Amino acid sequence: MEKMQRTVTCGGLNKDFAGKTVVLNGWIHRKRDHGGITFLNLRDRYGLTQVVVDDDASEDLKALAVSLKQEFCIAVEGLVRPRPDSMINKEMATGEIEVKALKIEVLSKSEVLPFQIDEKTNANEDLRLKYRYLDLRSKAMQEHIMLRSKFTFAVREFLTSKDFLEIETPTFIKSTPEGARDYLVPSRLYPGKFYALPQSPQIYKQILMVSGFDKYFQIARCYRDEDARGDRQPEFTQIDLEMSFASREDVLSLTEGMMQYAFKKSINVDLPKTFERISYDEAIDIYGTDKPDLRFEMKMQDAAFMAEIGNFAVFKDAVSLGGAVKALVVKGQAEAYSRKKIEELEAAAKIYKAKGLAWIKVTEGGAKLEGGVSKFFEGKEAEICSKLGAEKGDLILFVADKYKIACTALGAVRSKLGKDLGLLNPAEFKFAWIVDFPLFEWNEEENKWDPAHHMFSAPQEKYIATMEENPEPVKGDLYDLVLNGYEVASGSIRIHNPELQKRIFKIVGFDESEAEKKFGFLTEAFKYGAPPHGGIAPGLDRIVMIMAGETSIKEVIAFPKNSFAVSPMDDSPSEVDQKQLDELHLVIKE
């Protein structure tokens, strides 16, 4: 029998279709029987339509309707009719009409579901991932995947309009150190040799600049073999772009324009024309992190003066040893925060190596301080409140330690307060640029300098002559884009001088022969008229996650791995047979 092909989607009907015969294809979302009448909510990715099998239908059709189960895939031919006023469902886009079924064809049956398919599935993560094809039918997941598609299309549209070329770089590449472990692919044709899957297209996009393709982009799949933790995925997607003859300002301005265009196109949100710029040092000093959430104010302050005016040994010791006292004024929360709740904040600070969290409550308009360490500052109430901007009803929190620990620990407390006090509006999008990052960071374990981002970022001009003598203060031409407390893009102006690149390799511990072996093809390319260039790589998964109001990138990836880098649906990674191992000249060690 010829299948009934749909003539309209389940979200496409309205009163204008009344009196017309249509064919719908979809899944039975809900079914209910009521006095000889069967109601079916038929679903596809466009929406829901109510289908009715009336009591005047043929006996065969009524019997078929009774036998239908949830998630059966069916075709329905029926007559569109307006619902009675009392039956109009304003919660449904098609709620003014219903379809009187004339024919029903079962295209495919469904077994009993492992979980209910609702607007958003509440099953545990591994069950959702095992039956991902069912999970993806939920309204929330359908909306997330469609949002991802719309956003990606808008990015392509914008960059193409700016004369960027979409160019694919290789997926099988040379293994080079980029921070995380490479995923390795053994070569059957060349025993003992391996390709790597790219952690990013970094080197190849720089070579494209040398090749004369001055504006490149790619929706790039990237692979990193990292330890299972947090919200990491072994494979992820970035909007990779690079520009020749470009300054930092050119890259930042282009990225702002791209985000403005794509946000407007995909979720109809207007972003500001320019994003706030914050130096790395300032971000650490006032927010305690290089990815601050700017949806709420609450800036940290320097409170070293309290070591001088009070008798609290912890503050005095920290300052005398060259450390810092950092303060956070939490407006109007003195009464709300009991000792127990403050201890919860202290636990957040201790994760970042703070020894404790000191506190004071302001009462009587700043004339009195109570609780915590207030007894060490008697008679200094007015000075403390004046310098810190504290008022009656405020809670003041302190961390005293080495400067970096004091900042990051109190920054973690700030982040927790933002969540606890409901200050994080998921419908608000606060972008900012973090600029002037250190080019190098000290690796305590290996007793050497590491690149803070990667080895191909250019130092700022004023540091080039002396960077070998003292790498610590060297700032790079680096920039991160942050959004709502997440780093969503990282980029830099690149090195295009082969001699400067070799100097950077040497500082981070590559001798000349090792650098030549790993990166010789790049420095060789730089010898043939390499243009100045720079770029950035926004993380597609994370940006769409934030747009969707989610907290895990798994919610915006069609087929993610779980937190242990395993796919419960297809049971990957999996063992392979001995023949495949033999062909690849591989032996599994016990």
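The backbone N, Cα and C atoms fix where each Cβ goes, and this holds for glycine too.
Note that the structure is predicted; figures quoted are calculated from it, not measured.
In sequence order, Q206, M209, F456, S457, A458, H533, G534, G535 are the residues near R494 (L-aspartate binding site), counting only same-chain partners six or more apart with C-beta under 8 A. What Swiss-Prot lists as L-aspartate binding site is E178, R224, H453, R494.
The 10 Å shell around the Cβ of E487 (ATP binding site) contains 15 further Cβ atoms across the protein chains shown. Look at E487 (ATP binding site): DSSP puts it in a strand. Annotation source Swiss-Prot lists ATP binding site at R224, D225, E226, Q233, E487, G539, L540, D541, R542.
If you look up Swiss-Prot, you'll see 202-205 marked as region 'Aspartate'. Mean predicted confidence for the region 'Aspartate' (202-205): the pLDDT average there is 95.
Residues or ranges marked as site 'Important for tRNA non-discrimination' in Swiss-Prot (evidence: sequence analysis): H34. In three-state terms derived from DSSP, H34 (site 'Important for tRNA non-discrimination') belongs to an extended strand segment. Sequence-distant neighbours of H34 (site 'Important for tRNA non-discrimination') (same chain, six or more apart, CB under 8 Å from its CB) are absent.
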Within 10 Å of the Cβ of L540 (ATP binding site), how many other Cβ atoms can you find? Include all protein chains, please.
23
Diameter of the ATP binding set by C-alpha atoms, the set being R224, D225, E226, Q233, E487, G539, L540, D541, R542, in angstrom:
20
